[in-house]
Amino acid sequence: MADGKIVQCIGAVVDVEFPRNAMPKIYDALKMAGSELTLEVQQQLGDGIVRTIALGTSDGLRRGMIIQNTGNPITVPVGTATLGRIMDVLGNPIDECGPVSHERTASIHRKAPAYDELSPSQDLLETGIKVIDLVCPFAKGGKVGLFGGAGVGKTVNMMELINNIAKAHSGLSVFAGVGERTREGNDFYHEMADAKVVDLENPANSKVAMVYGQMNEPPGNRLRVALTGLTMAEAFRDEGKDVLFFVDNIYRFTLAGTEVSALLGRMPSAVGYQPTLAEEMGRLQERITSTKTGSITSIQAVYVPADDLTDPSPATTFAHLDSTVVLSRDIASLGIYPAVDPLDSTSRQLDPLVVGQDHYDTARAVQGTLQRYKELRDIIAILGMDELAPEDKLLVARARKMQRFLSQPFHVAEVFTGAPGKYVSLKDTIKGFKMIASGELDHLPEQAFYMVGTIEEAIEKAKKLN
């Protein structure tokens, strides 16, 4: 492979000149002689010059420095060697536990599986979170999005799902921290170690691999770190395993793409996003899929800028998901956590042919009651409860009980709530909401339903209140 030399360096964008007959291909990785820095080719400008993005700090780069073409895209370690380890976008370990002794590597750029290789599943994945299991159930091998603005609980919900699914799940998990806080990555690692999902003594016995590209890193790292995590998940899937793939946060992937696009001088599109937003998102999401060999179940946190679900970034993500869990600031302000909006959240699995008629009817009854309560709230605010018809008063009382029963203490929030976390089976969830909807519990006060697990706990709590 021919060497090139730097001809221009503006921030994270580095132009490199090569002999005209030896120009690198798009996405080829370039290495700097005597340095750890990697550049990734983004554009061919002609005359032997390629425009690259630095995957690391570009401090100290000068014109004339020698750059080596590797001839291949970025490759990262895959397989059991990655378990229990924290790696960066290039697959280098950042957990101070020595090198990753891998037997094989894989390119982070690859095509999505062909249509005839796909294997969609209709099996349900129980999460133990009442509101999710009832109104937006997850599918094994499906894609789930947790949508929410700043501070409504996306990361806490993600941690609880990891706690409930990954710990009980016999398969493997891959966690990609994309442009999130370093503190959260650190907390996650220690939490996994405490739960024995990460085995510090013998990392090969761990069940999770972690890839981090944090907020403070250059845009190139944040743009590619999701692909690094996905490549590791795909390798486990292709070995015939069932993999959980967690991404926190997919919006930062879009944002990094916007930064890179601006640095490369592309004309922005709506709201300043990159013109290639749909294509970049599609290329990532189409690879997160289950094949006849194994499955990838993906759970992605999606930040919603200014709580606007019509923003191009969350709107583009919506199209690729099987289940959407929408977190609402209005519900959080009532003190109801998880702050999932049961009227906005959707799932393709909520179909009587998939979940069964009993589950479907219960979920629709709950949504219908809450929708009617939402319509009556304006009348209550202006005229008061006394002006409502008797049947509407009864409906409002049931809706308020349902709303409170949708709250639940989380295991990961025990530290700051002081209440022990609860895992509620789907059978108990359906039973509880059926009893409220049928009017069996009309005599109990609504406070009894707040922050409990099963309906039996609510009945016990009501006795104590009386």
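Heads up, the Cβ atoms here are built off N, Cα and C, so glycines get one too.
Look at Swiss-Prot and you will find G148, G149, A150, G151, V152, G153, K154, T155 tagged as ATP binding site, backed by sequence analysis.
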Other residues, Cβ within 8 Å of G148, G149, A150, G151, V152, G153, K154, T155 Cβ centroid (ATP site)
Y303, L327
Judged by the number of other CB atoms within 10 angstroms, which among A150, V152 is the least packed of the binding-site residues?
A150
When the number of other CB atoms within 10 A of each residue's CB is tallied over all shown chains, which of the binding-site residues G151, G153 has the maximum?
G153
Where K154 (ATP binding site) falls in three-state DSSP terms
helix
I'd like the Cβ neighbour count for G148 (ATP binding site), meaning other Cβ atoms within 10 Å of its Cβ, all protein chains included.
28
Looking only at Cβ atoms, how many others are within 10 Å of the one on K154 (ATP binding site)?
27
Around G149 (ATP binding site), how many other CB atoms lie within 10 A of its CB?
17
